[in-house]
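The structure under discussion appears below in the form of structure tokens.
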Amino acid sequence: MHIVVVGLSHRTAPVEVREKLSIPDQSITESLKALKAFSDVLEVSILSTCNRLEIYALVKDKNTGISSIKEFISEYSGIIFDDLNPHLFCFRQEEAVLHLMKVSAGLDSLVLGEGQILSQVKKMMRLGQENQSTGPILNRLLTQSVSTGKKVRSETNLGTGAVSISSAAVELAQLKIGQEKGFDNLVSLESENVLVVGAGRMSRLLITHLKSKGCHKLILLNRNIDRALNLAQDFPDLEIVCKGLNELEENISLSSLVFTSTASEEPIIDLTKIEKINLSNRLKFIDIGVPRNISNDVKQHEFVKSFDVDDLQEVVSRNQEFRQKIAKEAESLVEEERIIFLEWWASLEAVPVINKLRSDLELIRKEELQKALSRMGPDFSARERKVVEALTKGIINKILHTPVTKLRSPQSREERQVSLKIVEKLFSLVEEDKNN
């Protein structure tokens, strides 16, 4: 059996490719079923965020398993395999384990140390368990990866003051507005007419960061206006006007800065809509939706500047030098956790031998117990029989304790193989070749 991961991220694919591979929560169940239908895939879990799609699997054969996962990704995205393959990465065994732990710790994120990825890994684990697509191996790996992410954030300063996708989007707006005014620093958003489209988790974070950067009023649009109203109630000190998405064009015309973060699988704003709006001043779009909420063609409009998640790198790079130093400390913690998992996984090699040894000794125990009880005669009470049976079970457990502990203890593969051979030979757990 092999642990593998196949996927793509902001490091390997631009947003126009990633948006075709975004798997919404409502499609996860169907996707997991499709992956489990491959005969080589034993366990599988999907991580889908705005910056990555990664499929972790336990497979019988690593080559055919990886090919099956790639086939699924190509079919799901509708991208021809030869066009898709250059954007995909594949990690196997130790590298796959290390990659997931680094992802969970925020070490592979666009924003080093960002915290949202940890909750996304938790969700991946929950969805895998709910859909029964994960088993003992991936469940152990996911659980330990989540613990690793928590450990890195609690024992290092990597997560301290870390920006998120949402905060980076707000900083990008500050940077671009400042550059237009001839400044190289981040300016206040107090004078901007701000529109936020979408009322989900990312929009909540957007509003939180907008507030901290000087914004004191904004318009909030959502398809479900009740959800927008509920979100607005969490910001009583901000002036938030909530409206339906059907009023989008009208409110764009009143805005100078528009943030979009909806779950729409198609753009909600394109050049045709923009051309219908009488823009009296320049307009900036910051789109953090994946798939993108804003069509790329809006950039053709002379009064519009549009940015997506790939443009956040400009802001992120301003903060990375300090975080890179802290990341070294975090990587050493991740490596420790990787070794712990691999030692546990290697110890599973001993399970069949341990089970056979326990089974053989249990058979002997029952046979000898039955002989002894038959000699005791009818005067031997049921209570006394239970005491004797408990005694024999205790003896077996005591006998097994030391060899089982030794077989499961951390050791090299070569050492474990030698130990297993010795136990098998001493207890006749395998049939010897009669021809020898």
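In case you wondered, yes, glycine gets a Cβ from its N, Cα and C as well.
What Swiss-Prot lists as active site, nucleophile is CYS50. For THR49, CYS50, ASN51, ARG52, SER109, GLU114, GLY115, GLN116, GLN120, the entry in Swiss-Prot reads substrate binding site, with the evidence type sequence analysis. The annotation NADP(+) binding site is assigned in Swiss-Prot to GLY198, ALA199, GLY200, ARG201, MET202, SER203. Annotation comment: Swiss-Prot describes HIS99 as site 'Important for activity'.
ALA199 (NADP(+) binding site) sits 16 Å from the residue listed as 'active site, nucleophile', taking the CA atoms of both as reference points. Of the chain residues outside the substrate site list THR49, CYS50, ASN51, ARG52, SER109, GLU114, GLY115, GLN116, GLN120, LEU110, VAL111, ILE117, ILE165 have their Cβ within 8 Å of the site's Cβ mean position.
When the neighbouring Cβ atoms lying within 10 Å are counted for each of the binding-site residues (GLY115, GLY198), the highest count belongs to GLY198. Taking the Cβ of SER203 (NADP(+) binding site) as reference, residues of its chain lying under 8 Å away and at least six apart in sequence are, in sequence order, VAL196, VAL197, LEU220, LEU231, PHE259, SER261.
Per-site Cβ counts within 10 Å over the binding-site residues ALA199, MET202 peak at ALA199. Ranked by Cα separation from GLY200 (NADP(+) binding site), the recorded positions CYS50, ASN51, HIS99, GLY115 are led by CYS50. For the substrate site listed in the record, the two most distant Cα atoms among THR49, CYS50, ASN51, ARG52, SER109, GLU114, GLY115, GLN116, GLN120 lie 15 Å apart.
The Cβ of HIS99 (site 'Important for activity') has VAL5, PHE91, ASP108 as same-chain neighbours under 8 Å, each 6 or more residues away in sequence. On the backbone, the CA of GLY198 (NADP(+) binding site) and the CA of CYS50 (active site, nucleophile) stand 15 Å apart. Taking the mean position of the Cβ atoms of GLY198, ALA199, GLY200, ARG201, MET202, SER203 as the NADP(+) site, the remaining residues of that chain whose Cβ falls within 8 Å of it are ARG204, LEU205, LEU206, LEU231, SER261, THR262. ASN51 (substrate binding site) and ARG201 (NADP(+) binding site) are 16 Å apart (CA-CA, integer value). Cβ environment of CYS50 (active site, nucleophile): ARG18, SER22, ILE165, ILE288, GLY289, VAL290, VAL309 lie under 8 Å away, each six or more residues apart in the same chain.
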